[in-house]
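Annotation source TrEMBL lists transmembrane segment at 51-76, 96-117, 129-148, 160-180, 236-261, 273-291, 303-325, 368-388. Taken from TrEMBL, the feature region 'Disordered' applies to 200-221.
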């Protein structure tokens, strides 16, 4: 009962505000697509393809700076870094700055949540949080539809869109700075016993089947070793390629779906409101898959199943990949870096922004076929990834079977192999 009570308090105190932050984070990224239906690039004297170029540059800074930003978040604390990232001329300069400031938001929040929840309860919470990216797509269309009906004497409708959504983002970020606790031990909404329990459960289950990887918390502070272990981790790079392929639909369509719908013969206002239903389906599906994934303690087949449903499933794979990597990386310092590098999966946004160019409109048939190809590659890749982890587990189980209790204890305490590289560690599948 203690676990249920503490997790419910954490759910109500942390998730709604973090989810709201991510909702506005998504709106800030996708509203340029809504603005384009109102002649945004024409009004600022840019060419239509300049929008694709600007979006590519956004993802350039957004992707490259994620590990650095995640490391800064670990250094100064997520409580401070998350609001700072939410409150940060020309179209290109603006998108570059937005990409730079928002780059570490997602990995920093994930690292923050791992300090409060046990890994086996993390996916469904990440599902609630990450689902706001899909909800942002729905809200982006709905909010744009409403704002585009406003008649202002001097401002264009797309200017009103940027001003209103940007102002709300700043307000929510300031609230978060006051509201969010730094760690479980300082959570103002928990009593003393609940704070101890929350801190302990976040450290629980990090040792795989052994539950006793000694000293990994202190080793998490060994930054040089964490960096080298991250670079040498084949699982990260394997999953990253799969993540990039799987993320092309969500990153591309989050911006270009209004333009695609408009190209089907609908008015600009109709195009914005008609983007709402697909994203609602994506958000609901994401939460259901995350809930099932936690209930069955399984990641790989859930990602595979989600990818079979295109846009519905394109939100499932990035979320469960993060939960998968987090659970399989017991050392806190390395885990923060792993999650930051995994954020390079957003390079899919560079691919998507170059795919959906005006020359392929109004049907965008070729970009859709290419997008389907990326999804198929991700589907095969994630299956191969799961089988590779299973093969490692089988090999380690065979090694452990031939060892004595003293040898097993020596491996747990030995500093030669680090964290998940120990043959006593079993990967979650």
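Here the Cβ of each residue, glycine as well, is placed from N, Cα and C on the backbone.
The shown structure was predicted, so the numbers you read here are calculated from the model rather than taken from an experiment.
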Practice task
Sort out the residues at least 6 away from either end of the transmembrane segment (368-388), same chain, that have Cβ-Cβ distances under 8 Å to it, and list them.
Solution key: 235, 238-239, 241-246, 248-249, 252, 299-301, 303-304, 307-308, 310, 314, 317, 348, 351-352, 355, 429
Fill in the blank from the handout: Long-range Cβ contacts under 8 Å made by the transmembrane segment (273-291), restricted to residues 6 or more beyond its ends, are 123-124, 126-128, 130-132, 134-138, 140-142, 145, 250, 253, 257-258, 261, 266, 302, 305-306, 309, 311-316, 319-320, 323
Handout entry: Remote residues contacting the transmembrane segment (51-76) - C-beta distance under 8 A, at least 6 residues beyond either end
Key = 29, 32, 36, 40-41, 82, 85, 91-92, 95-100, 102-108, 111-112, 251, 255, 333, 336-337, 339-341, 343-344, 346-347, 349-350, 353-354, 356-357
